[in-house]
């Protein structure tokens, strides 16, 4: 495939030693209508496990309807930060926070925050697919039922709509009554995405969603992220820098709990402002 003049100009800006990391740099993505407003805002936000500060005074704005990737070496705090956004860290003993983390202007850790409602608006998909040991239909209908929807026709509409959004409907429409545990790993992960979408969230958090999948299933998840881009704010933690460059509009780089750099993905991978970012993406440390 021949490079366009714009791509040649971009690649010319990458020093030879950095290009050896073989990262695909996509062209600038088009702006999203109605997107770009701060959806999640962190101000001096820290996360502690007991006295250990796992995430250190993060200041960042996550823009609505765009895809933000979070990269960094193991143990750098990226998953801890992601899980804080819908308060999954509350389940960990002695975990507490300081500073502010806001969602649509409301304090996520505020005294009167309804955690169930928060997790309805901010859905999450984990590293390992975790379908319930129920039918495919009941997996998707579980959330809507939990939030008060009982009408069977309405539930059927939600199930079909959610599975279509997750690009799974055509593969399972004739076996909705079958146990979801019988699906392949890639199908199970898309089922988990559909289950999150069924309650109509505004934000979708993906914690290394393809790390347990084969390349074919990974490609389907990446295609799904692009389909959902513009309809949801998506944040994805990944160890795969090529994946981050393929799917995201913005990238955050964490190291030892510190947000080192947060920039448009193309800029971060071709013109990083911090030498530590450059060292990481060129493979000088991992």
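The backbone N, Cα and C atoms fix where each Cβ goes, glycine too.
Here is what Swiss-Prot says about this protein:
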BINDING   72, 73, 74, 75, 76, 77, 78, 79  ATP binding site
DOMAIN    40-281  domain 'ABC transporter'
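Annotation for residue 74 (ATP binding site): spatial neighbours 239, criterion Cβ-Cβ under 8 Å with sequence separation of six or more. Residues 72, 73, 74, 75, 76, 77, 78, 79 make up the record's ATP site, and a Cβ search at 8 Å around their centroid adds 80, 254, 255 from the same chain. Sequence-distant contacts (6 or more apart, same chain, Cβ under 8 Å) of residue 79 (ATP binding site) comprise 207, 208, 237. Long-range C-beta contacts of residue 78 (ATP binding site), restricted to its own chain and to partners at least six residues apart, with a cutoff below 8 Å, comprise 70, 71, 72, 237, 252, 254.
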